[in-house]
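*Asks:* What Swiss-Prot lists as active site, nucleophile is S148. Here Swiss-Prot flags D314, H348 as active site, drawing on sequence analysis. The feature substrate binding site is assigned by Swiss-Prot to R220, D349. According to Swiss-Prot, the domain 'AB hydrolase-1' annotation covers 43-354, on the basis of sequence analysis.
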Amino acid sequence: MSLNLQTYTEHFTNPLYLESGRILEPYDITYETYGTMNEDKSNVVVVCHALTGSHHAAGLYEDETKPGWWDGFIGSGKAIDTDKYFVICSNVIGSCFGSTGPMSLQHPYQEPYRYKFPVVSIKDMVKAQRILFDRLDIHRVHAIVGGSMGGMQALQFAIHYPNFANKIIALATTHATQPWAIAFNKVAQESILNDPDFKQGYYDPDLLKEQGLSGMAVGRMAGHISFLSHESMREKFGRDYKLTDGLYELFGKFQVESYLEYNGYNFTKWFDPLAYLYITKAINIYDLSRGFDSLAEALKRVTSALYLVSFKNDLLFKNFEMKEIADELDKIGNKNHSYIDVKSDYGHDAFLVELNKFENHVKDALNG
């Protein structure tokens, strides 16, 4: 069957009250859908994207050669089967792919927010999505699925909207961002802030799309290191040297160096640096226990079936961080959860690239 890819943007004029006490109004949310919603709306699956992801999770636009970021996972006969499920993925507020973010025009001034944009949290991102679903007359969904920052959103849904989803599937994530991950984000943030072409946030976005931003590229290289693992780097690159470079050339490169350069500099031409600063801030301050006496108290609110998936060699969100959630659920007597640690050498990116290692688990969770 057809993927039935549709893209929409909803405009909201009511204020969005943020966790910080700030207000965002008006605001837009861009989202994409796949499959067909059944009559009683019982087949809705929400997919939440990661830091640099977007609402475009699957399929191809007419002018595209590269499909959505989870195309191998969403579609006819795939783990999230669009022959069965109606899938919705929205771009989070604070991002740069259609939903309101720091480079959106501030009402009524018609100038980009830039630093006037309020800090948003993962909880705020989820709240905005919940408002979107109310607009769409969707008040309960079959499941919410997300990896990395998407997993953070899924877990926030479980705690703050406990009656919204039958099932929550969280992959490669954590209950609170730890110093190791915050440190990688700090390198990226400082690299952006100290690039003179960033112009203290008053850069020309069109110029950056052409030229990129070298500071952001360096920060992204650091990020890529945290997404991989020692094992995956060794397997992918070894000590291979670029065939066109001389071993004794000062700037001759190993293949791993070339990989980091390509991905780092290419990234800066399609992702906005202010959005990167705001979203990494949201990730850094993420903590499921905020507002509760403990993580256990927060998890007592969960009524959905909870499926936790970690990856053995994940450097960014270590597998024991997910195990801590499972352990707390055990302690409070929650019987409606499962935890698996997937053996993978791909590190954090395994949830994007090594789908065969866990897709059957997700299928079983959705269909069970």
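Cβ atoms here come from the backbone N, Cα and C positions, even for glycine.
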*Asks:* Out of these recorded positions, D314, D349, which one has the fewest other C-beta atoms within 10 Å of its own C-beta?
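*Replies:* Minimum Cβ neighbour count within 10 Å, taken over the recorded positions D314, D349, occurs at D349.
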*Asks:* Take the Cβ of H348 (active site) and count every other Cβ within 10 Å, whichever protein chain it belongs to.
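*Replies:* Within a 10 Å radius of the Cβ of H348 (active site) lie 27 other Cβ atoms.
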*Asks:* So, three-state DSSP: helix, strand or coil for D314 (active site)?
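*Replies:* DSSP assigns D314 (active site) to coil.
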*Asks:* In three-state terms from DSSP, label D349 (substrate binding site) for me.
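*Replies:* The three-state answer is helix.
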*Asks:* Round to the nearest Å and give the CA-to-CA distance linking D349 (substrate binding site) with D314 (active site).
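*Replies:* The Cα atom of D349 (substrate binding site) is 8 Å away from the Cα atom of D314 (active site).
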*Asks:* How long is the line from the C-alpha of R220 (substrate binding site) to the C-alpha of H348 (active site), rounded to the nearest angstrom?
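*Replies:* Cα of R220 (substrate binding site) to Cα of H348 (active site) measures 15 Å after rounding.
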*Asks:* Provide, as an integer number of angstrom, the distance between the C-alpha atoms of H348 (active site) and the residue listed as 'active site, nucleophile'.
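*Replies:* Cα to Cα, H348 (active site) and the residue listed as 'active site, nucleophile' are separated by 8 Å.
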*Asks:* So if I draw a 10 Å sphere around the Cβ of S148 (active site, nucleophile), how many other Cβ atoms end up inside it?
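*Replies:* 27, counting other Cβ atoms within 10 Å of S148 (active site, nucleophile).
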